[in-house]
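Note sheet for the following structure.
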Ligand code: UGA
């Protein structure tokens with residue numbers, strides 16, 4: 001018998017997710033042999049998972065549920081990211097809106113963090129998989145609906161990169177920009193489909209000189225990813241991209257810091273010290289909403305982030321050195 005037993009493990013919490021899963025899903029043939037096979041696999045899980053959390057279904061339901069779970073999570077991120085754009089124009093704060101909306105127990109608080117777009121090896125692939133399935137079933141409106149989740153994700157990445165160029169007086173050509181974070185999320189060295197790659201690609205195309213710092217991603221990985229995405233040879237790329245060993249070095253003499261990954265480390269840095277070593281005016285773009293923006297503005301930073309109108313009174317005391 002062939003069973004379907006999708007995993008719902010997230011990187012960084014995989015062991016916990018395995019030991020204490022929200023549910024275990026086992027799909028199989030609707031035959032006597034199929035149901036015996038399902039029971040056997042279920043018995044293994046019952047050693048540590050409460051029986052009521054083990055769902056048994058037919059094969060199609062199980063396989064489809066995996067795609068739908070990831071598609072719904074991706075959809076929530078795209079949904080909140082569309083709202084982040086409205087917040088930036090209206091003065092609403094996307095974090096406040098997400099909190100207010102998430103307190104509705106029917107909606108729930110998780111996966112409502114606005115960002116520079118979801119990355120990772122799973123979400124985009126699984127949404128595309130769902131789109132392909134809908135297309136092959138000739139369900140074009142369904143395919144178009146889910147395609148929008150990907151399009152919004154691409155748009156959010158580009159929108160953030162454009163925000164950087166626009167606020168740096170319309171050009172980043174020749175300007176040093178510190179990129180904080182290259183992994184697709186914190187606590188992993190995985191860069192697959194990382195939004196950071198797309199933001200960097202955009203800035204490289206605009207002529208910026210990037211100094212990238214990530215606590216876990218290796219410099220070879222960063223060069224390889226960017227070389228693939230930009231089409232530049234690794235040698236050519238090294239003219240535009242430097243890898244820093246620590247965040248202070250990356251920010252020194254830069255015009256701007258761009259937060260791409262929500263590493264905890266970035267919340268604990270000495271931004272007064274960092275500010276003192278940067279070009280003036282100094283900019284900070286927070287793509288993950290992890291920093292205290294008012295405090296940064298009080299230090300002299302010009303701060304821009306997803307989902308929030310830029311704080312007032314910026315550009316005071318900002319004459320170039
Ligand atoms: C995801 C699912 O969460 C797992 O349940 C699933 O098993 C796994 O894919 C898989 O199919 O193998 P993972 O890719 O490890 O897990 O990462 P997530 O924690 O889901 O994050 C995905 C992306 O969404 C990251 O770039 C993250 O930064 C972003 N994200 C997440 C947001 O932008 N906002 C949020 O509120 C949450």
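Cβ atoms here come from the backbone N, Cα and C positions, even for glycine.
No curator has checked TrEMBL annotations; they are predicted automatically.
Among 51, 53, 66, the residue that TrEMBL places alongside 8, 9, 10, 11, 111, 112, 113, 114, 115, 119, 185 at the substrate binding site is 66. Together with 11, 125, TrEMBL lists one candidate of 192, 201, 221, 235 for binding NAD(+), that being 192. Shown are the recorded positions 10, 114, 122; the one with the most C-beta atoms within 10 angstroms of its own C-beta is 114. Residues within less than 8 Å, Cβ to Cβ, of residue 66 (substrate binding site) and separated from it by at least 6 positions along the same chain comprise 6, 8, 25, 126. In the structure as shown, the Cβ atom of residue 8 (substrate binding site) sits within 10 Å of 16 other Cβ atoms. Residues in the domain 'UDP-glucose/GDP-mannose dehydrogenase C-terminal' (178-293) partition by DSSP class (helix H, G, I; strand E, B; coil) as 44 helix, 19 strand, 53 coil.
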